[in-house]
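What Swiss-Prot lists as substrate binding site is 8-15, 21-22, Arg60, 87-90, Lys98, 114-115, 183-184, and the listing cites sequence analysis. Annotation source Swiss-Prot lists active site, tele-phosphohistidine intermediate at His9, citing sequence analysis. Look at Swiss-Prot and you will find Glu87 tagged as active site, proton donor/acceptor, backed by sequence analysis. Feature annotation from Swiss-Prot assigns site 'Transition state stabilizer' to His182; the stated evidence is sequence analysis.
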Amino acid sequence: MIKLVLLRHGESQWNLENRFTGWHDIDLTERGRKEAANAGKLIRAEGIVFDVAYTSVLKRAIRTLWSVLDEMDQMWLPVHKSWRLNERHYGALQGLNKTETSQKYGEEQVLVWRRSYDTPPPALGRDDERWPGADPRYRGMAEGEIPLSECLKDTVARFLPLWHETIAPQIRSGKSVAIVAHGNSLRALVKYLDNISEDDIVGLNIPTGIPLVYELDDDLKPLKSYYLGDQDAVKQAVAAVAGQAKA
């Protein structure tokens, strides 16, 4: 039996302000830093020791991973950063307040943009300052790989090569792996692992800063999955994510 630990970054400043964040590189709040440290304590208490960790190229995930490894006394651990673990790109919604956007376009439309599988938000133009094409961390990417907007289907498509070519082989070789990423890049992985339908994925919400443990068989099929920590607090955190875009 193999354990894989998934963790959404701690609360960011734009989580606190209820904004669509996407690829914008916003930092953690003080609460987010505490969530990250607490996640490390929960993982350590579970007796899990990592061999390798993966995260995005966005500081809210990177800093969360640092805090986790610090609490586990594993700051030396090999860490691999990839844009393929970035949050989905919210296009022209990036930076907008979710509640205000719901008031303007309607809760139903915003829910489709936030949680549907194959409907992306309105796209950015390449001349928009929010388009990440000029960011040096994406310098090695082809222009066509840098998104103007993404739905979850797009996020799955750009994440799965990293899973199949890099992460899954590490797990199969016996390595204990941590993936610290974002709500939608983790939804992409959970959809794949649990074979969740395109309709049912709409209802999946992942809270910030709470470790999600998968127990996998030798074929990397899930035997079970569970959040660490107080389960009532987990339910409240999941419900809070679900309610973010209510008008």
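Just so you know, the numbers here start at 1 and follow the chain as drawn.
Just so it is clear, glycine is given a Cβ too, placed from its N, Cα and C backbone atoms.
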Given the recorded positions His9, Glu87, His182, state which is nearest to Gly22 (substrate binding site) when distance is taken between Cα atoms.
Glu87
Rounded inter-Cα distance in Å - Arg88 (substrate binding site), His9 (active site, tele-phosphohistidine intermediate)
14
Under 8 Å Cβ-Cβ from Trp14 (substrate binding site), six or more apart in the same chain: what's there?
Phe20, Thr21, His24, Ile26, Gly95
Glu11 (substrate binding site), Cβ-centred 10 Å count of other Cβ atoms over all protein chains shown, is 22
If you run the three-state DSSP split on Arg8 (substrate binding site), which class comes out?
strand
Cα of Gly183 (substrate binding site) to Cα of the residue listed as 'active site, proton donor/acceptor': how many Å, rounded?
7
I need the least crowded one of these binding-site residues (Gly22, Gly183), counting other C-beta atoms within 10 angstroms of each C-beta.
Gly183
Closest by Cα to Glu87 (active site, proton donor/acceptor), out of the recorded positions Arg8, His9, Glu11, Lys98, His182, is His182
Counting across all protein chains, other CB atoms within 10 angstroms of the CB of His182 (site 'Transition state stabilizer') number 26
